[in-house]
Amino acid sequence: MSSISKSQQEISKDFVTPNVNDALQQARQVLTHGSVDPGPNERLLQESTSIKVSQNKQDKIEVVIRRSTVSHQNTDDESEEFVSYSDSELYGPSVGALPRMGSQETLLGNHASHTNAKYRRKHGECWRKADLAKDETDDEAEIEVDVKEEECLTDSGGHVVMKTWEARWTAQDFHYLPDWLQDNEYLLKYHRPPLPSFAECFKSIWSLHTETGNIWTHLIGCLAFFFLAVWYLVRQETHIQLQDKLIFSFFFVGAIVCLGLSFTFHTVCCHSKQISFLFSKLDYMGISLLIIGSFIPWIYYGFYCRIEPKIAYIVMVCILGVLTIIVSLWDKFSESRFRPLRAGVFVTMGLSGLIPASHFIYTDGVRRLIDENAFYWIIAMALLYLLGALLYATRTPERFFPGKCDIMFHSHQLFHICVVCAAFAHYYGISEMAMNKLTASCPTDDLIGSHIKHSLGGRFPRFLPHNYGAGNDVF
């Protein structure tokens with residue numbers, strides 16, 4: 001490294017020229033803030049900015065930012081000398097347009113210049129000019145900047161600068177991503193670079209990268225639950241009344257919102273730091289809504305004939321859900337180092353379902369829990385959620401095979417699959433519960449009295465056929 005440092009010192013004066021430095025800094029502003037701040041001594045007459053994202057045959061995603069400006073500039077402008085060429089200066093992660101201003105002046109003389117600079121680096125090393133490299137076959141990152149500048153005088157003595165710069169780079173390796181995109185260090189390649197355009201983010205759905213599986217697993221799941229909800233809510237069914245459709249709507253809304261926000265987050269998380277943090281919070285909020293929406297039908301049909309515990313447990317779940325949402329809105333909650341905490345918060349909320357389940361076992365017994373409350377399906381759902389949370393928190397299997405699960409079968413994808421499968425298992429379970437309760441009648445007051453010995457023994461009478469006796473009052 002001492003020899004590298006010496007060579008860098010020798011070229012520090014022209015390693016990055018002022019015009020190339022300006023282009024790099026403006027590209028950074030485009031990618032991080034959505035606009036470029038004009039210089040202190042320039043007045044923009046015309047400005048245009050464009051971003052293009054493409055993918056080559058080697059699955060490398062390339063970003064090209066091009067900006068053209070026409071500006072009045074004072075002749076005493078001074079360029080700042082660029083002396084640092086660390087990774088943060090050369091490579092940074094945003095696109096805006098400044099207002100156009102008209103100009104009818106005639107251009108007289110002109111002076112044109114053209115600068116092209118290319119920088120490359122190997123993993124773990126510093127950036128270097130491409131023409132200084134002896135062997136570039138194993139380089140992992142490249143930046144190229146092309147600057148064209150033309151200075152003209154106007155008939156009124158003004159100084160007009162017409163400038164066009166183009167910056168292009170490939171950035172898909174984990175170590176070259178900005179900090180806010182470095183979420184999983186075991187996924188080494190195939191990352192998307194910052195794409196400060198929602199259109200480009202959504203276009204990337206069709207490309208292969210680390211988020212492709214995360215996007216499609218929950219996009220497909222979201223669409224599946226949307227069509228399932230439409231089918232369930234509009235079908236004609238004798239036993240399903242409006243209130244039952246309303247109860248199921250809580251689950252459908254929770255599933256659709258959760259999977260939809262998750263799909264959206266994984267699509268736009270590379271847009272910018274602000275957008276990534278915003279949608280990560282919405283993603284966590286969606287998880288809480290799914291948990292709430294899953295509990296409500298189970299509690300409603302589990303305590304179908306008992307109003308007090310039904311209301312109490314639904315209120316409890318809603319309060320826990322709101323508290324979880326508040327915790328998830330904490331800024332640091334989305335940071336990578338709090339991954340185990342995130343998993344723990346949602347698992348804890350899910351395990352709160354043991355409280356109403358224990359109540360039901362105490363009053364009705366295990367057999368009725370198994371026979372009438374879809375116990376096995378609920379256990380399957382819980383195991384799938386716990387498995388997904390465990391894989392997510394421990395980053396399994398990619399932690400054991402770094403770089404081997406970048407596209408397929410990494411922990412977040414498996415977590416998504418577990419969530420979708422668990423949601424379908426829960427739907428089947430609560431559907432079975434609903435049919436059990438809707439095709440039977442709640443016990444009447446006199447029937448409860450005749451079977452008081454069953455309640456004292458820890459059991460309430462089983463549901464009766466719908467045509468039993470004349471009384472079907474619900475207490």
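Cβ atoms here come from the backbone N, Cα and C positions, even for glycine.
Feature annotations, reproduced from TrEMBL:
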REGION    32-52  region 'Disordered'
TRANSMEM  215-234  transmembrane segment
TRANSMEM  246-265  transmembrane segment
BINDING   His266, His412, His416  Zn(2+) binding site
TRANSMEM  285-304  transmembrane segment
TRANSMEM  311-330  transmembrane segment
TRANSMEM  342-362  transmembrane segment
TRANSMEM  374-393  transmembrane segment
TRANSMEM  413-430  transmembrane segment
Legend entry - Cβ within 8 Å of the mean position of the Cβ atoms of His266, His412, His416: remaining residues of the chain near Zn(2+): Glu211, Gly213, Asn214, Ile215, Thr217, His218, Ser262, Gln413, Phe415
Inset, instruction - Establish whether the number of Cβ pairs under 8 Å between the transmembrane segment (342-362) and the transmembrane segment (413-430) reaches at least three, counting only pairs separated by 6 or more residues. - result: no
Inset, instruction - Report, as numbers and ranges, which residues of the same chain sit near the transmembrane segment (285-304): CB under 8 Å and 6 or more residues beyond its ends. - result: 247-248, 250-255, 257-262, 310, 313-314, 317-318, 321, 324-325, 328-329, 346, 349-350, 353, 356, 360, 373-374, 378, 381, 419, 423, 426, 429-430, 433-434, 436-437, 442
Legend entry - Cβ contacts under 8 Å made by the transmembrane segment (215-234) with residues that lie 6+ beyond its boundaries: 205, 245, 248-249, 252, 255-256, 259-260, 262-263, 266-267, 413, 416-417, 419-420, 423, 427
Inset, instruction - Count the other Cβ atoms sitting within 10 Å of the Cβ of His412 (Zn(2+) binding site), across every protein chain shown. - result: 23
